[in-house]
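As given in TrEMBL:
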type	residues	note
ACT_SITE	H115	active site, pros-phosphohistidine intermediate
BINDING	K9, F57, R85, T91, R102, N112	ATP binding site
MOD_RES	T91	phosphothreonine
MOD_RES	S122	phosphoserine
Amino acid sequence: MEKTFIMVKPDGVQRNIVGDVVTRFEKKGFQLVGAKLMHVSEDLAKEHYKEHKEKPFFGELVDFITSSPVFAMVWEGENAVTVARKMLGKTNPAEAEVGTIRGDYGLQVAKNVVHGSDSNESATREISLFFEESELVNYTKLINDWVYEG
Ligand code: IDP
């Protein structure tokens, strides 16, 4: 089973979209492994988005993600990284398919409601940046027998 890091960004928290994002991941069949409401520090923001350090929007991105709380989550399931990215939709909400989270809730790339890891390597890195090992909960859900083949 894969794990992926999903974060409702400040715009999503302010706009009361946390519950819907959680519901979508639950209903899809994924299992919640960790979650918390938190402020992102400037150091964490710069580390999380370090691949964009040279981009013109980097400063704006760091300011935005530190401006108000985020809701950070770890979800587990088969192909969690790829499937979650499909559920999020394209980076620019104006281009994201209706039915995806960004396609349903956003209009501009800088305010695209959610973050999701783009690879297994990113997921591992991002989960360890945002969560202590002790904050991740391992447990068995009997409902998984109804989600996966025996
Ligand atoms: P992703 O979040 O879909 O993986 P990335 O290309 O990794 O997309 O970009 C990270 C975040 O940076 C995006 O989610 C978006 O909020 C923001 N971003 C990307 N391009 C722009 C831009 O041109 N202007 C402002 N913000 C941007």
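Going from the start of the chain as shown, residues are counted 1 onward.
Glycine is treated like the rest: Cβ placed from N, Cα and C.
Here the features listed in TrEMBL are painted onto the structure.
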residue : record                                          : Cβ neighbours (10 Å)
K9      : ATP binding site                                : 24
F57     : ATP binding site                                : 12
R85     : ATP binding site                                : 19
T91     : ATP binding site                                : 14
R102    : ATP binding site                                : 25
N112    : ATP binding site                                : 24
H115    : active site, pros-phosphohistidine intermediate : 20
S122    : phosphoserine                                   : 16
Contacting recorded positions for ligand 1, chosen from R85, T91, N112, S122 when the Cβ sits under 6 angstroms of any of its atoms: T91, N112
Max pairwise CA distance, angstrom, over record-listed ATP binders K9, F57, R85, T91, R102, N112: 22
Helix, strand or coil at F57 (ATP binding site) [DSSP, three-state]: coil
H115 (active site, pros-phosphohistidine intermediate) and K9 (ATP binding site), Cα-Cα, nearest whole angstrom: 7
Rounded distance in angstrom between the Cα atoms of N112 (ATP binding site) and the residue listed as 'phosphoserine': 19
